[in-house]
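Input: a single structure, listed below in structure tokens.
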Amino acid sequence: MNELMNIFGQPQGPQSFDQIRISIASPERIRSWSFGEIKKPETINYRTFKPERDGLFCARIFGPIKDYECLCGKYKRMKYRGIICEKCGVEVTLSKVRRERMGHIELASPVAHIWFLKSLPSRIGLLLDMTLKDLERILYFENYVVIEPGLTDLKLHELLSEDQLLDKQDKFGEDAFTAKIGAEAMKDLLANLDLIEEKATCREELKETASEAKRKKLVKRLKLIEAFLGPSQEVEDVAAYERFEGYKERIERPDARPLFKIFPDATRPEWMILEVVPVIPPELRPLVPLDGGRFATSDLNDLYRRVINRNNRLKRLIELKAPDIIVRNEKRMLQEAVDALFDNGRRGRVITGANKRPLKSISDMLKGKQGRFRQNLLGKRVDYSGRSVIVVGPELKLHQCGLPKKMALELFKPFIYAKLELYGLASTIKAAKRMVEKERPEVWDILEEVIREHPVMLNRAPTLHRLGIQAFEPTLIEGKAIQLHPLVCTAFNADFDGDQMAVHVPLSLEAQLEARVLMMSTNNILSPASGRPIIVPSQDIVLGLYYITMELPGMVGEGMAFGTIGEIEHALASKAVSLHAKIQCRYKTVDDEGNPITVRVTTTPGRMLLSEILPRHKAIKFDLINRLLTKKEIGNIIDVVYRHCGQKETVIFADRLMKLGFSNAFKAGISFGKDDMVIPAEKEILIREAQDRVKEYEQQYLDGLITQGEKYNKVVDVWSETTEKVASAMMKVIEQPKPGFGVNSVYMMAHSGARGSAAQIKQLAGMRGLMAKPSGEIIETPIISNFKEGLTVLEYFNSTHGARKGLADTALKTANSGYLTRRLVDVAQDAIIVENDCGTTRGITMKAVIDGGEIVVPLGERILGRTVSVDIIHPLTGEMLVAAGDMITEREVEVIERAGIDSVHIRSVLTCETRDGVCAQCYGRDLARGTRVNMGEAVGVIAAQSIGEPGTQLTMRTFHIGGAAQRGAEQSFIEATLDAKVMVKNRNLVMNSEGVPVVMGRNCELALLDEQGRERARHRVPYGAKLNKALAADGAMIKKGDRLAEWDPYTLPILTEREGIANYVDLVEGVSVREVVDEATGISSKVVTDWRQQPRGADLRPRITLRDETGEVVKLPNGLEARYYMSVDAILSVENGARVRAGDVLARIPRESSKTRDITGGLPRVAELFEARRPKDFAIISDIDGRVEFGKDYKTKRRIVVRNDETGEEKEYLIPKGKHISVQEGDYVQKGDLLMDGNPVPHDILAVMGVESLANYLINEIQDVYRLQGVKINDKHIEVIVRQMLQKVEITDPGDTTLLAGEQVDRTEFEEENRLVQQRMNEGEQDLRFAIAKPVLQGITKASLQTRSFISAASFQETTRVLTEAAVQGKVDNLEGLKENVIVGRLIPAGTGSVVNRLKQIAAERDKALQLADGVDETPALADGGEAAA
């Protein structure tokens, strides 16, 4: 055995390392990697196909081509291992060394590395403080640069042309100064830089400069210089200081003993200029013979050949002392060749190969989806896997899948071989192999045994969330298709129309264990996105269950009574009773103590059959199933069963439900027939009414009472309303069972939630309604026919618009949604649960989500499964309901809701103070398990998947009314939802001429209070709304269903507050106002036009003032004069000099909805929010509380001043003149209120209102988009992503830290610096100041590129830029996140991997403690193996 060991060498264990460092390689280091210099551009000999000596594939340099055999064949076999053949110079060893041995090319003239020159910001340019343009002129031999000005009047780094140089040499003499050209010049410039001095001057300038731009530039430069210098060490030994080669500085100390600072890890700037080019191993750029004598080669060989050719030519020219101009040209060509090798196409023309295809350079090998990172390191292919079509397996249990025998035999081969040997059926592996290939009968028995309880993993692409891969126990089946359990289809998003799935076999015991414990389908009952069950029956099963729980009057056997379920089955079999008859029966259950009892229930035989499979538990009452079950109800039942009876019962229950559903759906014999779609008789009448109303609006338009836009809006409204009416009439007809026919089957399918929806039936049997144009506007003429009647040619043509758009959208959507998921995963991948409790007292306040007065999401749903941060006290009795630090479960939610609490303070990931991760308390419940979240759970990835997975269901764009076509009319009134007392908040009312109160304020709200005085609803009322007369007095009581307020949704009115005589000011005909004569009607109206475009209109401020009889301007209640400014497009409603009453309309501004401005909706809106972009029409928000005043306008902007009376502080805002301003002079605005229409900018919200408001805004906006599609996502997922977006802070005051003002650093780094200051204060230093910083919001792309791990960032986007920056800074990657560990091939630090990680950490800390105890402090230096170099 020892002999063998000696021959083969000890087996090498996998190299283990803790970090990876990347830095710029010095020429010496490149030479030290190399096994020889490559001198010739030849690759292989065309006759012998052996590599040429000293060429790109040279065997002497890179190693032998065949294992243990030199090139000339003198030495063969193992026994000559390690000998170098004296004839051909090749070492006898394994041929795989050709994958790791590198070579090099010695350049005749230095060249600049394109990454450091061109990757913006140019590193060389920053260091030398020169522009990229100047650098290129030096580099490509256009200008000389002064390197050493001597005593002349030239400046350092000054550029000179050839002629200028000669002039200066004549003037000062040739030796008076030094000027050079090309990369040598640049090398000298970099070598002469004294980084330590530069650093000092930069810091000085920073203190003195006032200009922001200059400061930014200096900070950038300073950071770069510090990155080059690296960390410093202090030495006191003079001799060591003298010996040290690199950067060093003396520090004078008051006690006269100098202290020396050396920078041992400093990177020399001149290394950015290459003297030696490394050549990568030949097996990584192979040359492969194809049949037919041709060769396929990697593009790199071409690029290297170019470099070698030009380099050799340059050497020859220099030896021949050729004229300067020729040598220069050759040097320039060499520079271009090296540029192309590193990054083809970055500078100048792209170098193309023989087939006009650009050559792939080293940078291209790393970049993009096909690059090294994403193709090979993050996306490896897997052995022991197969794929096949799936078919439905309704007789399987939930934890099983059907695996074709042929596939199983192939997948489990190694296990079968082992077993065959174990039982002595085969003497060797070879014999076993033969048996398996012949498919002998005993092989099948062994296969059965091997497969027993060995889970396999099934995956369906696209794997959008973690439920796309689940483990099942295989059962062997005949045939070639995989059988899948119907209930897991929702999770896989699978159907059986030809979908394929992949099977993977977990090999090791640990893998099998994880598959069984964590990934088994029975463990994934709840969805990780919302915590609702995902194993929910759908389609046929729902239909079957709906059918057996129906109760119909007048069926056979109605009113009978039964004692047991057996009797019912008997009666059903003998047709004595119908499934749907109303009967009485005994039901055995358990009472609250858990004792068995019998209750008498009124129900149907079908429901009794269902009750048989219901688990018996005190919390599961018979009422749960004693009703008509729709898909939603069934989901609720499964949820209740899971919460009370646990997982095992739920799985058994779900399986039984499925069996029951399928068998009854088939017995029901429900079919889909043309006559099931009934067209309502009222349809004709409704359509005729609508057409009459449309004619009336046309007439009003012709008479000039309404504008074109208003007519359009009204017509669209009428038609949407009519479509709804026809649809509801149709539903009424379909709902009623027809005598002798039973219930309408199409209605049953839709109502149960099995297939189809009311909207689809509406198109089949109602009317199709309005269609959208491609631009998103709605076509005024609706489609009156339905599909049953058939469309006319014109109608069909109109409907193709919308349909085609839908198809185009779907194609775009999938790609966009996938990209959003990728960005989310990348930003959140390192959010992992790393500790149990971070001990923070902070949190956020949760309220119910209320929209338009209705509670959309109740408080209970939002706080379920979160941790309370402040004790919850009952508002009336004062008893403690939930203590701080407890988790809110279903029980607590009930208690809180009963107490009528409307807001709860909870812990949140946003305020979690854990470093490098999140704590379990702040996260709360793991939604997929229903218990507190486990340590090591990768909550970031789960959040990203939960948000990204429904992305494909979101639309690409919702049209303002493309949505409204379905949404019915715009909201134009508020009705009371309950009997209540109404309080008017922020009252600002005026009685108009009819005595109706009109709202004059922008933030008027109606609060509805119940008997106890608790607020139950709150409605925002727009400016200009007419209120119910009863509301003139505060505290009026109103009845449910009363109209509280109404308004015109299509125009914004400008109202008067006093009576008086209207007087036009600056409304000049032809400049700021024009008569618009409607061609169709001949009626004219006055419209305010854009007066700023006119030369005469620059100083105008069109307005209407109110005067009294004497001609004085009327004063308003707040003491200001009554002036009303007009905005562009306002239509004047009063004539000059007309008398007006308070509350009358002076002008109307049409709302933009005729040409709907696309509200960015759907996916793009979600992406816009996560990327923290400025919305297209963003609104300006107020920074302070105060009153609004209008200042003097600028040319294109209006000035709004907000002044706070208490503090006297004021802020002014400039708003473009065309935009509609939503506040009026004298209005009181609060901090964070919008001053104009549009969406606010997230960064502004953060700056003005803080983190919690920002988070609330983002959560609500994102949830709105998902809610519209009916997708439930838990808030905490969005919080996790927002936390990742807020990782950085910007230093506003550096205090006494080493940070710089204005730089952005990680929050942890900032806290660390302040901790150091605190430490110094504890040690007794006086008057130190902490650094102060403000949070910075970054979009998800930017945040993922700024992670601490450069490997993770490089594998995401902009690979070259990330690597350049990392190399310059000499970054160290500590391999903390998931991605980095996948890339270097280790266990990820999440899930079970986090436990291993933790153990390693503990061991390392223990070793350190032991070392300290021994008094030895060995901090091992970085292993050379861990260093990469650019």
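These residue numbers are counts, starting from 1, taken along the chain as shown.
Note: Cβ is positioned from N, Cα and C throughout, glycine not excepted.
Per Swiss-Prot, Zn(2+) 1 binding site is recorded for Cys70, Cys72, Cys85, Cys88, and the stated evidence type is sequence analysis. Under the heading Mg(2+) binding site, Swiss-Prot lists Asp495, Asp497, Asp499, citing sequence analysis as support. Summarising the annotation, Swiss-Prot assigns Zn(2+) 2 binding site to Cys838, Cys912, Cys919, Cys922.
Projection of Swiss-Prot feature records onto the structure.
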residue : record                : DSSP (3 states)
Cys70   : Zn(2+) 1 binding site : coil
Cys85   : Zn(2+) 1 binding site : coil
Asp495  : Mg(2+) binding site   : coil
Cys912  : Zn(2+) 2 binding site : coil
Cys919  : Zn(2+) 2 binding site : strand
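A Cβ within 8 Å of the Cβ centre of Cys70, Cys72, Cys85, Cys88, the residues given for Zn(2+) 1, is found for these other residues of the same chain: Leu71, Gly73, Lys74, Tyr75, Lys87, Gly89, Val90.
Long-range C-beta contacts of Cys88 (Zn(2+) 1 binding site), restricted to its own chain and to partners at least six residues apart, with a cutoff below 8 Å, comprise Arg53, Ala59, Arg60, Cys70, Leu71, Cys72, Lys74. What surrounds the Zn(2+) 2 site, by Cβ distance within 8 Å of the Cβ centroid and not counting Cys838, Cys912, Cys919, Cys922, is the set Glu835, Asp837, Thr840, Arg907, Val909, Thr911, Glu913, Thr914, Val918, Ala920, Gln921, Tyr923 from the same chain. All protein chains shown were included, and the count of other CB atoms within 10 Å of the CB of Asp497 (Mg(2+) binding site) stands at 5. Note: the Cα of Cys85 (Zn(2+) 1 binding site) and the Cα of Asp499 (Mg(2+) binding site) are spaced 59 Å from each other.
Neighbour count (other Cβ atoms within 10 Å of the Cβ, all protein chains): 14 for Cys72 (Zn(2+) 1 binding site). One way to see the shell of the Mg(2+) site is to take the Cβ centroid of Asp495, Asp497, Asp499; the remaining same-chain residues with a Cβ within 8 Å of it are Ile390, Ala494, Phe496, Gly498. Less than 8 angstroms from the CB of Asp495 (Mg(2+) binding site) sit Cys489, each of them six or more residues away in the same chain.
For Asp499 (Mg(2+) binding site), the nearest neighbour among the listed binding-site residues (Cys838, Cys912, Cys922), judged by C-alpha distance, is Cys922. Counting other C-beta atoms within 10 Å of each candidate's C-beta, the binding-site residues Cys70, Cys85 are led by Cys70.
Comparing the binding-site residues Cys919, Cys922 by how many other C-beta atoms lie within 10 angstroms of each C-beta, the top residue is Cys922. Least crowded of the binding-site residues (Cys838, Cys912), judged by neighbouring Cβ atoms within 10 Å of its own Cβ: Cys838. Packing around Asp499 (Mg(2+) binding site) is summarised by its Cβ count: 17 other Cβ atoms lie within 10 angstroms of its Cβ, all protein chains included. On the backbone, the CA of Asp497 (Mg(2+) binding site) and the CA of Cys922 (Zn(2+) 2 binding site) stand 44 Å apart.
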